[in-house]
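Annotation comment: Swiss-Prot describes CYS14, CYS17, CYS33, CYS37 as Zn(2+) binding site. Taken from Swiss-Prot, the feature compositional bias 'Acidic residues' applies to 59-69. Swiss-Prot lists 46-69 with the feature region 'Disordered'.
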Amino acid sequence: MTKPTTEQPTTVKCPTCQSAVIWNAESPFRPFCSKKCQMIDFGEWADEEKSIPGAPDMSDSDGWSEDQY
């Protein structure tokens, strides 16, 4: 005989408003709680308020050119 499972659903915090979001197929905007929070986050990336750290871009002032290769 098996015991009935009473597992709690996996939840995550909405990256924008920190509300709890159940992680399943019925949460269409996951990890966001709503379309509004999803669009706020998208706008922050588009305005470059958020970024992924990395090496700085090379520019012409760095002495780089295609002729060196």
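A Cβ is built for glycine as well, from the same backbone N, Cα and C atoms used for every other residue.
Within 8 A of the CB centroid of the Zn(2+) site residues CYS14, CYS17, CYS33, CYS37, the other residues of that chain are PRO15, THR16, GLN18, SER19, VAL21, PHE32, SER34, LYS36. Shown are the binding-site residues CYS14, CYS17; the one with the most C-beta atoms within 10 angstroms of its own C-beta is CYS14. Within the same chain, residues at least 6 positions away in sequence whose Cβ sits under 8 Å from that of CYS37 (Zn(2+) binding site) are CYS14, PRO15, THR16, CYS17, PHE29.
Within 10 Å of the C-beta of CYS33 (Zn(2+) binding site) there are 21 other C-beta atoms, taking all protein chains into account.
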